[in-house]
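These features come from Swiss-Prot:
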{"type": "SIGNAL", "residues": "1-35", "note": "signal peptide"}
{"type": "TOPO_DOM", "residues": "36-744", "note": "topological domain 'Extracellular'"}
{"type": "DOMAIN", "residues": "50-350", "note": "domain 'GP-PDE 1'"}
{"type": "CARBOHYD", "residues": "Asn105", "note": "N-linked glycosylation site"}
{"type": "CARBOHYD", "residues": "Asn192", "note": "N-linked glycosylation site"}
{"type": "CARBOHYD", "residues": "Asn248", "note": "N-linked glycosylation site"}
{"type": "CARBOHYD", "residues": "Asn257", "note": "N-linked glycosylation site"}
{"type": "CARBOHYD", "residues": "Asn315", "note": "N-linked glycosylation site"}
{"type": "CARBOHYD", "residues": "Asn359", "note": "N-linked glycosylation site"}
{"type": "DOMAIN", "residues": "366-668", "note": "domain 'GP-PDE 2'"}
{"type": "CARBOHYD", "residues": "Asn430", "note": "N-linked glycosylation site"}
{"type": "CARBOHYD", "residues": "Asn534", "note": "N-linked glycosylation site"}
{"type": "CARBOHYD", "residues": "Asn547", "note": "N-linked glycosylation site"}
{"type": "CARBOHYD", "residues": "Asn654", "note": "N-linked glycosylation site"}
{"type": "TRANSMEM", "residues": "745-762", "note": "transmembrane segment"}
Amino acid sequence: MNSRPSNPTKLVIRSSTLLFCGVVLIHLFAAQIDAQRSTSRWQTLNGDAPLVIARGGFSGLYPDSSIAAYQLATLTSVADVVLWCDLQLTKDGLGICFPDLNLANASTIDRVYPNREKSYSVNGVTTKGWFPNDFSLTELQNFLLIRGILSRTDRFDGNGYLISTIEDVVTTLNREGFWLNVQHDAFYEQQNLSMSSFLLSVSRTVSIDFISSPEVNFFKKITGSFGRNGPTFVFQFLGKEDFEPTTNRTYGSILSNLTFVKTFASGILVPKSYILPLDDEQYLVPHTSLVQDAHKAGLQVYVSGFANDVDIAYNYSSDPVSEYLSFVDNGDFSVDGVLSDFPITASAAVDCFSHIGRNATKQVDFLVISKDGASGDYPGCTDLAYEKAIKDGADVIDCSVQMSSDGVPFCLRSIDLRNSIAALQNTFSNRSTSVPEISSVPGIFTFSLTWPEIQSLTPAISNPFRVYRIFRNPREKNSGKLISLSQFLDLAKTYTSLSGVLISVENAAYLREKQGLDVVQAVLDTLTEAGYSNGTTTTKVMIQSTNSSVLVDFKKQSKYETVYKIEETIGNIRDSAIEDIKKFANAVVINKDSVFPNSDSFLTGQTNVVERLQKSQLPVYVELFRNEFVSQAYDFFSDATVEINAYIYGAGINGTITEFPFTAARYKRNRCLGREEVPPYMLPVNPGGLLNVMSPLSLPPAQAPNQDFIEADVTEPPLSPVIAKAPTSTPGTPSTIAQAPSGQTRLKLSLLLSVFFLSLLLL
């Protein structure tokens, strides 16, 4: 898949008309879905589930405050989702929804009216831009809404979305549940435009549920104007050091007097850091008492700043659902609502994953297979990565077997140590070699170092998205120790929660022919020594390889399950290839793009590869699942859970291979999948749905069809015999035939004898 610097969507969406029809359908069974939602006692002020508030609609995908963004929010969220509108006033006193006082920040106004930029004092700061109060509503219809955050996709900027009045939004959506945010009442008052007068007028035709503002005087003006059944007033806190413009007090000082806030508001809206602050390294520190204090004062607490495509605390492992749960279901308190650019994720967190323990009933059955353990949280293939994968709920942990020069099989993702080890080049630069059979560039390969040397190395966490400045768990970037295959198998035996282990074997032919190392036999011997071949453990063993010859060799010598990995991205698989695979494999691994192909990170459709393999009784496992939003197609809303749902509930795969086992394991306990009516925020995506609502001029380039996988791609000659290799000594290290540590697999006796007799002949 093409990596991208931002965000995605879900659901069956084909056109604007279908979007509107979907809104009607949501209303038809909203009551039924609401009745099915969790009735657990929430620690909110009133005991109800936290509200999901869609900031500008679904602004994480579509331009903020566009009709399409509001429609998509209603389609993919809880039935009572509240739609947020940043209220601005035009020159002719009409109210529009727009996210910023400067219209140029999320529209094309600067291209249409390049000479109408002006300067104003906004809260005492001279600000240049294009301001709503300088344009009539008619003039505002001459330019288009576009993304306001440049890191997000620009593919919907050409869809022709216009600025909407509040009445437009209400009429189009035909629903209640609106939150009007008045960010700059004092500014508009200086321009002789009255927010309070407009709100009183529009409230006669529009149902307003919430009104928020960061200005105290605004609330003092409108208090008592709406009557008993009027909207809920919510005071918005900005940065603690920022000054509230009408009292000249910092928001931090106002926070210390919540009883004062209670005199004019029923709730507060605060940034996430007010409740769960971070330290300088982006890790969580203990939560504040703000929620409990506000609830004691009778104030509801709403939290802003939620988006799937921004950096979050490292504690969440790039999983936005985990972040929401830390605010709504942490055992100490629940906030009363969350303001999100991605309301689908907030909806799922609140309704599908809250109040679910680790022992909750599983609603769906598939294998969670680790990739080098929990390698998104710790250096891969270390003891800590494997232990966390088991703790996080992996069904199967994996070991990519490499061989040391002294014949010890151990776990490491790559045969080139530089890909997994810190500061390796400085220590063993003299071991760098060129091996065209393995890599087009020189490397420091595992078979060039002894096992004691490898044990002395410092592992390094992988950072596959470094180019986007997205890093993994820096505090633990070098934690843990590498372990041998024997240690890996011993670890797996001690956990009854594991159903199996997956052992990956690659480069077997090269190791036999050029290094005199028989990785197949080394794996078999180690399994026997660990008790996996004689029935002393019930843990299932799966052997994986991209080489059919390797799996054929294992099949001849053992009864372990074999898994054939198809490296290529394929669009179809021929019957003859499937029949050939069935001769030596019990299951197949394919990559994500072989299920859902994409163009420029937009799904283009779905292949029949999974269906064809499963019809031939071959389970299908898919890799590689990661939590970082840049690893996912836009269609998945920058949410790893939405992606998993598409592959499990949508494509019906049999297992996920993931660097973040916790996210996949939690999905199994997804409460919403056990309901008679699955809610819209847990329906699988429609592959290609986003392309169908994209302007033809904005479509990504068409991709050539992925290849068919044929029998010739499967068939390989048998593995060559092991070639005896004369022992060599590395500088300052023991001979490569030195005895392996106790408990580790040694070189086969036959190989040692061959080397001995060869040396006699050379004398």
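Cβ atoms are placed via backbone N, Cα and C, with glycine included.
Distribution of Swiss-Prot features across the structure.
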| residue | record | DSSP (3 states) |
| --- | --- | --- |
| Asn105 | N-linked glycosylation site | helix |
| Asn192 | N-linked glycosylation site | coil |
| Asn248 | N-linked glycosylation site | coil |
| Asn257 | N-linked glycosylation site | coil |
| Asn315 | N-linked glycosylation site | helix |
| Asn359 | N-linked glycosylation site | coil |
| Asn430 | N-linked glycosylation site | helix |
| Asn534 | N-linked glycosylation site | coil |
| Asn547 | N-linked glycosylation site | coil |
| Asn654 | N-linked glycosylation site | coil |
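Around the Cβ of Asn534 (N-linked glycosylation site), the same chain contributes Thr528, each under 8 angstroms and 6 or more positions distant in sequence. With all protein chains in the displayed structure included, the most crowded Cβ environment within 10 Å among the glycosylation sites Asn257, Asn359, Asn654 is that of Asn654. Within the set of glycosylation sites (Asn105, Asn248, Asn315, Asn430), the lowest number of other Cβ atoms found within 10 Å of a Cβ is recorded at Asn248. Spatially, by CA atoms, the glycosylation sites Asn192, Asn257, Asn654 include one closest to Asn315 (N-linked glycosylation site), and that is Asn654. With the fewest other Cβ atoms inside 10 Å of its Cβ, the least crowded of the glycosylation sites Asn192, Asn547 in this structure is Asn192. Confidence across the domain 'GP-PDE 2' (366-668), taken as the mean pLDDT and rounded to a whole number, stands at 96.
The CA atom of Asn654 (N-linked glycosylation site) is located 21 Å away from the CA atom of Asn547 (N-linked glycosylation site). When the C-alpha distances from Asn547 (N-linked glycosylation site) to the glycosylation sites Asn248, Asn257, Asn430 are tabulated, the minimum falls on Asn430.
The two recorded residues, Asn359 (N-linked glycosylation site) and Asn257 (N-linked glycosylation site), have Cα atoms 42 Å apart. In terms of C-alpha distance, the listed glycosylation sites Asn105, Asn192, Asn248, Asn257 place Asn105 closest to Asn430 (N-linked glycosylation site). For Asn105 (N-linked glycosylation site) paired with Asn192 (N-linked glycosylation site), the C-alpha to C-alpha distance reads 24 Å. Counting in whole angstrom, Asn257 (N-linked glycosylation site) lies 15 from Asn248 (N-linked glycosylation site) by their C-alpha atoms. Recorded residues Asn248 (N-linked glycosylation site) and Asn192 (N-linked glycosylation site) have their alpha carbons 22 Å apart, per Cα-Cα distance.
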